[in-house]
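Quick look at what TrEMBL lists:
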DOMAIN    44-219  domain 'Endonuclease/exonuclease/phosphatase'
BINDING   Asn47, Glu75, Asp200, Asn202  Mg(2+) binding site
SITE      Asn202  site 'Transition state stabilizer'
Amino acid sequence: ILFGVTKYFVSKMSKRKSGEISKPIEITNVDETKISLPYNLKIVTWNVAGFKACVKKGFEKYFKAENPDIVCLQETKCPEQFPYTNNQSTLKENKSEYKYYWHVNAKPGYAGVSIWSKIQPKKVTFGINNEEKIQGRVITMEFDSFFVINAYVPNSGEKLVKYGLYKIIISLEYRQKWNRQFCDYLKSLDEVKPVLLCGDLNVAHHPIDLTHPSKNLRSAGFTI
């Protein structure tokens, strides 16, 4: 993430013919007083699909090479007690530099999000409503001049998920309801200060968003 860059370019995601390169959009409305730094804040966001398994597959090497200021992880799949055990060297070695925040799911081995931050936040909020809190899907950090939100959005495929005494049918209808609540939540924060949204939105809007789009034509959350 780059802040304070005078000019940089991003490609416009639009429907185009195969092989055609879309024209970049020039962004100039940034603070030119901060261009002396290569970046002001480095943020990593990653769906690890199981933190414990990811650590075994080289997470530490990547983490040390990037040395981010803020790390947003989705689908950690950690039970409540797991993140705080001492058998994970990544957590143990960086404990003095990072503050860890975990929002676990009431169902073991499902969903879960985490934020690691070198910067002390003013406030940390878990979830967006009472129902969401048991699912471990959203963490919000408030800093002096902005919010960072880490979200793992529900999949729109229909299935019954049990959370202890709670039962929730995850479906397209539920997803649409969740989207509206989340959108209202984002708007409420944006009225206060800028919002930086990180996470897995569980949607593939274009074929380029998937490695094998033709094999996922009937997958929930993917349309062409």
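Heads up, the Cβ atoms here are built off N, Cα and C, so glycines get one too.
It should be emphasised that the depicted structure is a prediction, and the values quoted were computed from it without experimental measurement.
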When DSSP is mapped onto helix/strand/coil, what comes out for Asn202 (Mg(2+) binding site)?
coil
Enumerate the residues of the same chain, Asn47, Glu75, Asp200, Asn202 excluded, that satisfy the criterion Cβ within 8 A of the mean position of the Cβ atoms of the recorded Mg(2+) site; list them in sequence order.
Ala49, Gln74, Tyr152, Val153, Gly199, Leu201
Counting other CB atoms within 10 A of each CB, which of the binding-site residues Asn47, Asn202 comes out lowest?
Asn47
Do any residues at least six apart in sequence from Asp200 (Mg(2+) binding site), in the same chain, have a Cβ closer than 8 Å to its Cβ, and if so which, in order?
Asn47, Gln74, Glu75, Ala151, Tyr152, Val153
Compute the average pLDDT of the predicted model within the domain 'Endonuclease/exonuclease/phosphatase' (44-219).
80
